[in-house]
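The next block holds one structure in the form of structure tokens; read it before the comments.
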Amino acid sequence: MLSLSDIFVAAFILICVVLFQWEVVQKTLNGSQFYAYSVCNVGEPEQDNWLRTTFIQRRPSASRIFVELQFIVRDCNSFDASVPCKETFNLFTSESDADVGTTFRKGQFKKVVTIAPDEITSKNGMRINTETKVVDNLSRKGFYLAFQDIGACVALLSVKVYYKACTATVESLARFPETVAGSENQALREVKGECVENAQSEEVPRIYCTADGEWVVQVGHCQCKPGYEKVGDTCQECQPGFFKAASSDGKCEPCPANTQGLEAGAAFCPCMDGFYQAPTDPITGPCSGLPTAPRDLVATTTQLSAGKLLLSWSPPDDTGGRSDITYSVECQSCEGGACRPCGEKIRYEPASAGLTLTRVTVSELDAHLNYTFIVEAHSGVSMFAGQASARAHKPPSTSALTTSLHYTDPPKITSMTVIEKSVTSLSLSWDVSPRPRLHAPPIRYELTYRKKDDNLDVTTYTVLILEKSSVQISELAPGTAYLFRVQALSSDGSPGGSSIEEQYETLHESTSASILAAAVGGAVIGILICSFVSLFRKRNSHSRQGAEDNYFSSPEQLKPLKTYVDPHTYEDPNVAVLKFATEIHPSHITKQKVIGAGEFGEVYRGILKVPGRKDVAVAIKTLKPGYTEKQRQDFLSEASIMGQFTHQNIIRLEGVVTKFKHAMIVTEYMENGALDRYLKDHDGEFSSFQLVGMLRGIAAGMKYLSDMSYVHRDLAARNILVNNNLECKVSDFGLSRVLEDDPEGTYTTSGGKIPIRWTAPEAIAYRKFTSASDVWSFGIVMWEVMAFGERPYWDMSNHEVMKAINEAFRLPAPMDCPSAVYQLMLQCWLQDRSKRPRFGDIVSLLDKLLRSPDSLKTIADFDPRVSIRLPSTSGSDGSPFRSVSEWLESIKMSQYSENFTCAGIINMDQVLQMKNEDIKNIGVRLPGHLKRIAYSILGLKDQTSTLSVFAV
Ligand code: AMP
């Protein structure tokens, strides 16, 4: 912002009026003529020739002026060398408060500087010099400049006198006036400004003007007021339909959904008729409508004797665009046509108002009374909708749905008949009383059948769960009598009401020639311990819900604080996922590296950056391209399930991406990945105390799940994730996972896939998946953990495993396993599931062990030849080990091959001579590895009796 326009003295010729020996001459330069003041008294001694300007008035603030001279000096060499000659002249100044006219007193002038040419003019041509000099610290009203010649040959062509100023400006919506630049000793001048119209600032805007006339370092920032936006250096009103809520640098934004912006300059847009905002909603946000009524309200009897009913319903069709939907329930008892409030006697679990789930248990009801339940949906705007306010209009009528219910006993099966029979099949049908009401939840039936003459000790029976009151059973043996029993199931899956048992016989083979093939098929069924054919073969109708069975039938156990909701109870799975999971914008997710492959696509490590929140490391599950809608829903079902859980030992869902093409599930990142792999990679590196600590975490997570009535069905170390703090978290919640994803899943004759070696016998046999079967799996996880990721039952086939379990064989204690921990495993593997400990018991016991670590010192009996499957004397083909490396490989200790070679141990005879000390000395340091090698040597020597001698 140098202000050359502020030159106020332009032409020297006009102002120099006092001349002593200087004269005005006319010169021609580059073809044009001009005047100059010239003096050339070379050769004459004692020269003192003066030229003075007229009085120059000074602007009061301009204490520093610049003098730009254009001049010519003749070369002294062009004169006779013996004559006096100078090539410089002097600049003087004199301050004065008044014009003194032509009076000139030399003594009043102060020398400013000697002026010397950069180039001198010789015979070869004229050289014009330009020099700028500064005259500082002027303080009087005006001044004179004077030029003293002391014997040179000089011509002054022009003199410009000026000061510098910062020009008036608008910076960041603050206006600053023109300001004269300061002098050397006041190089920065602070200047106060003011905000332009419709802008404001928290502090007075300031800026500095430099000595060079430049603006620098603005302090204080003006912003356009609410309702105005910055356009160039001004603040302009928001257009109608746009608003700006705060003083900011931002632009006006379009009015949000369900609001109106009729006027210009709006700071907010008022709600449209019938739409509201809650006080906690941001004023800049959309307005929402009231929710419509809840749908499909049904009541089911859970425990008749306790006067209990379960009311459940579906969320409103239209939530008014809000996610804070809650429900309240009101009860009226009706007798003889008159209804009145049920009063305080009635209990609601979890509560009668503020419900976030779409179900409530009502108890303390009297039998034989008619009750009317009114369920109302509320949202954050419901209670404000009715209040008169400038922004809210009258609400629509409240949403309510009424159903009346006279609860009755579960339906009874009244009769069973055979509709059709063949050599290998029977079609049955039965009646129920009372008949199911329209809109009542479907009744499910449990049909059990077996051959009549089976030895009862080894009965092969089949259980079918049916949704219709008829069935065709095929693949039966010809000419054989079967006993059929059918019973209605209550909504929680437990048998209710009375059952009916009948005997029917298939036709004899001789009656038809076409039955041979079917008979072969029928025979296959008998092979399994017990088989289960479910109408729920369709993957979609498979649900993990239903933890309740006899195992948890004590009244306290039936009152979970929060209950898991099967996402498939939602008609539209997309509604379920949005209910239980937060939608994340994909721009907040950065994928960094592929860390695994899931059933539906790759799993990435990445970063979640949500504005206003700390960045978090996350795992991102993706859905591979080309998916079907069904696959997308199955993929997202994991998020609908996971999103319902909040526990330290359950993998936390950060959110989902569903509204964009590439659906994603974002969870917390677990640095150490899957537990089985992690333990294998760190074999022998953790103490029993640390391992039990991990198990305690898993048990706590499982207790939480079972308290919510969620049955996992695929609990295994591969489905536990480990973070940096060695915290273990239960994962893998997809509904289809057990069936599709798990490589351990094995097809059963009923068509489902089951991870046999982790699954309780009753779940394999007739799909009785409960929290008690999860406890069995937990026992297997305990074994996997204590054995550092060893495969349960090693290389036994699934068939061998099932046979062994049926014959009461159980996994032996892993090496170095505390006795108390192994005892707990055995408890988890009790055949009678009602005798297995509950997860609450398991957590308490593990806590107790961790509180007194001495309790972990007693080690369970251990036989290395069984427990770590160490080959006793031979390699895999039965022949003795041919080399040290073959032996090390067989016990998975190949990493020490070089240690053995370097120590000169190159054949098995030498190995057999090794003592514990020798193993340590060759560099095997980890206690687990030391033991594995030592035990193997003992096994090779067949000296199991000395096992206890070895303790590290
Ligand atoms: P999944 O589809 O859940 O079985 O995931 C496949 C693999 O991705 C797992 O075996 C883990 O190695 C990895 N993985 C999944 N989720 C996470 C997570 N939250 N943190 C770290 N790794 C994970």
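Positions of Cβ are set from backbone N, Cα and C atoms, glycine also.
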Task: Would you identify which residue of LYS579, LYS614, LYS621 TrEMBL lists as part of the ATP site it also attributes to ILE595, GLY596, ALA597, GLY598, GLU599, PHE600, GLY601, GLU602, VAL603?
output: LYS621
Field: Collapsed DSSP category at CYS85 (disulfide bond)
entry: coil
Task: Going by DSSP, give the three-state secondary structure for CYS76 (disulfide bond).
output: helix
Task: Would you mind reading off the Cα separation of GLU599 (ATP binding site) from ASP714 (active site, proton acceptor), to the nearest angstrom?
output: 15
- request: Go through the recorded positions CYS40, CYS76, ILE595, GLY601, VAL603 and pull out the ones with a Cβ less than 6 angstroms from some atom of ligand 1.
  value: ILE595, VAL603
- prompt: Which whole-number value in Å describes the distance between the Cα atoms of CYS153 (disulfide bond) and CYS76 (disulfide bond)?
  reply: 8
Query: Among the recorded positions listed here (CYS76, CYS85, ASP714), which has the Cα closest to the Cα of ALA597 (ATP binding site)?
result: ASP714
Message: With helix taken as DSSP H, G or I, strand as E or B and everything else coil, how many residues of the domain 'SAM' (879-943) land in each class?
response: 43 helix, 1 strand, 21 coil
Rounded distance in angstrom between the Cα atoms of CYS76 (disulfide bond) and VAL603 (ATP binding site): 89
- line: Same-chain shell around ATP excluding ILE595, GLY596, ALA597, GLY598, GLU599, PHE600, GLY601, GLU602, VAL603, LYS621, C-beta within 8 angstroms of the CB centroid, reads THR622
- prompt: Since the record lists CYS40, CYS76, ILE595, ALA597 as recorded positions, which of them has the fewest other Cβ atoms within 10 Å of its Cβ?
  reply: ALA597
